[in-house]
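Listed in TrEMBL for this protein:
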TRANSMEM  6-25  transmembrane segment
TRANSMEM  46-65  transmembrane segment
TRANSMEM  71-95  transmembrane segment
TRANSMEM  102-125  transmembrane segment
TRANSMEM  131-152  transmembrane segment
TRANSMEM  164-186  transmembrane segment
TRANSMEM  192-213  transmembrane segment
Amino acid sequence: MVSADVARNIVGIIGNVISFGLFLSPVPTFWRIYKAKDVEEFKPDPYLATLMNCLLWFFYGLPIVHPNSTLVLTINGIGLVIEGAYIIMFIIYAAKNTRWKMLGVLALEAAFMAVVVAGVLLGAHTHEKRSMIVGILCVIFGSIMYASPLTIMGKVIRTKSVEYMPFFLSLVNFLNGLCWTGYALIKFDIYITIPNALGTIFGLIQLILYFYYYKSTPKKGKNVELPTVLTKNTVTSGNVSVTVDK
C-alpha cells in the first residue's frame, strides 16, 4: 500500500507539471501582444497577482521557514522567472498610464516582501511560527491570485465575448487548483488547501463562462460586406446617390 508521503510526493510532482503548464499558458497571449506591439484590452492583474503569490510561496518553501517543501520551492522559483518575463513584456507594450500603475504595484510588492522577510526572520524563531505567518499570507495572496481573473470575467459577461479570456489558461487554472487541493488534503496543510480550493472554484466558473459565451464571441477574419446598389448614374452637385440593401 502506498504511504501518505509517497502519494503526496506523486501528486506534488503532477501538481508541479500542471503548475508549469499554468505558467506557460499565457504564451499565446503574449505572442499576440508581441506581434501587435500592443496589450490591447488584456489586463495585467493576473500576472502581478501571480508574481506576488510566487514570491510568498517561494519564501514559504525555504528550509528556514517550512522544511521539506522542495516541490513548493522549485515550481514557484520557476514561476517567478516566467511571470517576471511576462510583466516586462507587458510594461514594454502597455500604454503610459498602465505602465506607471504596474511599476507602482511592483514597487509596493517589493517593499511588502522586504518587510515580510525581515519581520519573519527576526521576529519568529521557530519553523512553526514562521510557517504560520507566511502560510496565512500565502492564503491571502493565493486567493487574490485565483480571484484576479474576476475582472476579465466581468468583461466576458458584459461583452458576451471570451476573446480576452483564453480557454487554455482557464482550464489549467482549474486543474492546478484541483491538483494542489488534493496534495494538501493527503497530509493536511490548511495554507495550501484554502487558496487552491478557491482556485478550483474560480477555474470552474471561468470554464462555464467560456462555454456559455463562446458562440457569441465575434470571430476574427470574417468581415461581412453588405451589398450596395447604385441608383441611376446621375450626379447632382457632385454627390452620387447610393442605396444599401440590408
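Including glycine, each Cβ sits where the backbone N, Cα and C put it.
TrEMBL labels come from automatic prediction, so no person has curated them.
For the transmembrane segment (164-186), the residues of the chain that approach it from at least six positions outside its boundaries are 4, 7-8, 11-12, 14-15, 18-19, 21-22, 25-26, 28-29, 40-43, 146, 149, 152-153, 155-156, 192-193, 196-204, 206-207, 209-210, judged by C-beta separation under 8 angstroms. Note on the transmembrane segment (71-95): residues 9, 12-13, 15-16, 19-20, 23-24, 26, 30, 33-34, 36-39, 42, 44, 47-48, 50-51, 54-55, 57-58, 60-62, 102-103, 106, 192 of its chain, located 6 or more positions outside it, place their CB under 8 angstroms from a CB of the stretch. Here the transmembrane segment (102-125) has long-range neighbours at 44, 48, 51-52, 55-56, 59, 64-65, 87, 90-91, 94, 133-134, 137, meaning same-chain residues at least 6 beyond its ends whose C-beta is under 8 angstroms from one of its own.
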